[in-house]
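Taking it in order: structure first as structure tokens, then the write-up.
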Ligand SMILES: Nc1ncnc2c1ncn2[C@@H]1O[C@H](COP(=O)(O)OP(=O)(O)OP(=O)(O)O)[C@@H](O)[C@H]1O
Ligand SMILES: [Mg+2]
């Protein structure tokens, strides 16, 4: 692929002890792309995401983000993470901070904004995800959908150039999934570059530029959604998609 | 949360009023106890503005006469006068007990937090921390005080700036001993609480670009220290009682003064019952205080859900 790929993952392998969880995984994204990672439980989707912001360490391969080698031992990982936002399945909101406190912490302590600037930025991000009324609520006082939107706002407040989503709606009651997907749709429309692990196939079909199917640490198949959903080349892909569909 | 609905049955209503009567009683006894202490201390600091230094706030003779006048209590009138006579010494000793406990607790806390953090998140420092806590928790506190006082003779090395702050410089040795020992216990309680902070909290902190130490400072400690309050209160209570060991290195705190009067008057039972009640009042104050702190800093929507 060409050198202007914004994110280029090449032959990434990772082991936990003797167990290989990523096996020469490769894919690439352009700026503004949405790539959706799918695959069965334990196939390595979360691990792949976490290698991109170095929450997990890949032992082999290369991950280039905007021309810089992410896996370089000299890389300042905190500087990398400033530019790569992450949204978690379990929200992981800071339990002792209000919604504003959660979103403002990064701008205040990592970007060095003043208290007032950080608060302004946090409020703006919360408005953006539709939580203008919940500035001073604590996580335990919010619904799951609201918590996840705070989680998204927290990541956005760092003004990242890439957003990682690890099953952002899997922990939510069905009636709360929509509000989170709506926020994600909005980000897609704004041109955010997003790498998303999800089982929401209609979302994937609608917004993904490419779908990557992982199984057992291998990329089994990847391509645009129409191709993967309508004419999967691999049996395994088709069977996985059928299984997911029957759950919906 | 107190609900706005009225208690339904008579039994509930009685229980409800019992609780508030008990509370009120406890509060007034507490207020009386602390007023006595504070007034006694202030009187001494100001050189006896209310009563001559060393004299009780109430004249023992008057107390004796009053008690004797109550039918059925006449037999205890002399004892009451004796206890009143004792109060200046008790107040004086309690001052040192309070100061030693409070100062050691605060100093110990600032050692305990890094110890606990090292233990949970450190590598080499985890071993150092473990060695420290095991050593200090595994040996008798009295032995530690003896090492500091008799062994190292630290009382004669108290720096000029600190010397003379207390009646005797040995008070600093006691504070040092309780600080070092208390830090080990506090560290254990705080460690347990830090370990109960969810892993995802740290992941989230790291993911926005906070360093490990920043994450600990801004995310883990604010939560962990809140969770530590109930068990940490135990250490507070223990320290109040263990501070009596300072008597064995000649610190004139509450126990020491009580013991002195007892060996002069041989009224051991009466004196140590009164002394015990004084410790009890301090302990109750500490635990009530920490309960309030816990409620005050509770995270909305989480935590302190006391049964009513
Ligand atoms: N910290 C870890 N230590 C050891 N093994 C791990 C660790 N994290 C993940 N694994 C293992 O790596 C494999 C891939 O895990 P991963 O979480 O990436 O899968 P996943 O595709 O995200 O699954 P799920 O859909 O259940 O989230 C699994 O077999 C898992 O048990
Ligand atoms: Mg996962």
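Even glycines carry a Cβ here, placed using N, Cα and C.
Unlike curated entries, TrEMBL annotations are predicted automatically.
Residues or ranges marked as transmembrane segment by TrEMBL: B:21-42, B:62-84, B:96-121, B:141-158, B:236-256, B:268-287. For B:94-290, the entry in TrEMBL reads domain 'ABC transmembrane type-1'.
With a threshold of 8 Å between CB atoms, the same-chain residues lying at least 6 positions outside the transmembrane segment (B:96-121) that come near it are 128-130, 132-133, 166-167, 171, 174-175, 178-188, 190-191, 194-195, 212, 216, 221, 225, 235-236, 239-240, 243-244, 246, 251-255, 282. Of the candidate ranges B:62-84, B:236-256, B:268-287, B:268-287 has the most C-beta pairs within less than 8 angstroms of the transmembrane segment (B:21-42). Remote same-chain partners of the transmembrane segment (B:62-84), defined as residues 6 or more beyond its termini with a Cβ less than 8 Å from a stretch Cβ, comprise 56, 265, 267, 270, 274.
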